[in-house]
Amino acid sequence: MDGCLEVAVGVVVNGAGRCLLTRRHAGKDHAGCWEFPGGKLEPGETPREALLRELTEELGIQVESCRPLIVIPYDYPARSVRLHTYCVTAYTGTPEGREGQPLGWFDAAELRQLQLPAANRGIVNALRLPDRYLITPEPVEHGDDDAFVERLSSLLDGGYRLVQLRAKKLSQTSLRRLAERVVRLCREHEAMCLVNGSVDLAREVGADGVHLSADALRLLQEFGRPHDLWVAASCHDRQEIALASALQVDLAVCSPVRHTGSHPEAIPIGWDGFAELCAAASFPVYALGGMTNDDVDLAQQCGGQGVAAISGLWGGRRG
Ligand SMILES: Nc1nc2c([nH]c(=O)n2[C@H]2C[C@H](O)[C@@H](COP(=O)(O)OP(=O)(O)OP(=O)(O)O)O2)c(=O)[nH]1
Ligand SMILES: [Mg+2]
């Protein structure tokens, strides 16, 4: 390990879907912030062992099962930390503030409003985002928008909850008309909708956010990210992950993990390359490039949030 403070934290959720947070005492770093219960790894401990010990010490509960959610590396001015975050899926006991710390239970919308340490933004986003990111194929100018929207509608019925409208060749008028329909449809299905390329278009059609290419991300450096939208980015290497981290993007896709027909010239990074990029990212990352529903588990084992795809999901079956 590299001089980072290794920390294990747990997301404990109650029957009503609310997350347990505790408040940091005055005198500690991030005093007054709400945090996920947990703490520093002791020498020789694995993150999972530290999680079990910390949650017993701090809350008086015994974790029976948990699954890795995300690992967040984060450089605070005073120190670098790496938060090994787990979702606690079963425990015994009733959580109480064993160290006198206040407890609170918060739903997903409240979590985004709370004062949390900056590194926690990636955890909150990972909790909010699904494991598949559906990217639309390029629509055809003067093509059959009804068929496009119908296909999207049946995929949303099948459970997709994150969609990117990726239309790079349509005229402005056609794009705007289609984007309005796609946003409406996503809203009806309580799915999040991002539009590729344009912050202005995202705002005009009421999309949840924007998906930016690595080049578009570089242009944001001067002004920073928009704060009224979700921001997703396409990354291909460590430099682009570092830029996305500095701009505090909400999520990214990393590609190409496998060889893909849409970018036949690109050299695949493979699962090892994908895992390396996930380890460097302070936000959820999706694997892109030759992905299908069957790759979700592998992407998550590499530290990713799941998979993103055009043809593998748009044309494929739901696994
Ligand atoms: N527990 C926890 N720590 C977090 C979160 N977010 C975040 O940036 N951190 C940082 C703050 C601290 O620098 C570090 C945790 O260290 P800590 O000193 O609180 O750990 P600990 O529970 O072992 O502390 P203590 O026994 O010394 O009181 O991780 C979070 O959600 N939960
Ligand atoms: Mg602690």
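Even glycines carry a Cβ here, placed using N, Cα and C.
Same-site candidate for 8-oxo-dGTP binding, as annotated by TrEMBL with Glu35, Phe36, Pro37, Gly38, Asn120, chosen from Arg24, Arg48, Arg53, Arg132: Arg24. Apart from Arg24, Glu35, Phe36, Pro37, Gly38, Asn120, the residues listed for 8-oxo-dGTP, the same chain places the Cβ atoms of Val9, Leu21, Thr22, Trp34, Pro117 within 8 Å of the centroid of those Cβ atoms.
Phe36 (8-oxo-dGTP binding site) has a Cβ environment of 24 other Cβ atoms inside 10 Å. Under 6 Å, Cβ to nearest atom of ligand 1: this is the test, and of the binding-site residues Arg24, Glu35, Glu58 it is passed by Glu35.
Note: the domain 'Nudix hydrolase' (4-131) comprises 28 helix, 50 strand, 50 coil (DSSP; helix = H, G, I, strand = E, B).
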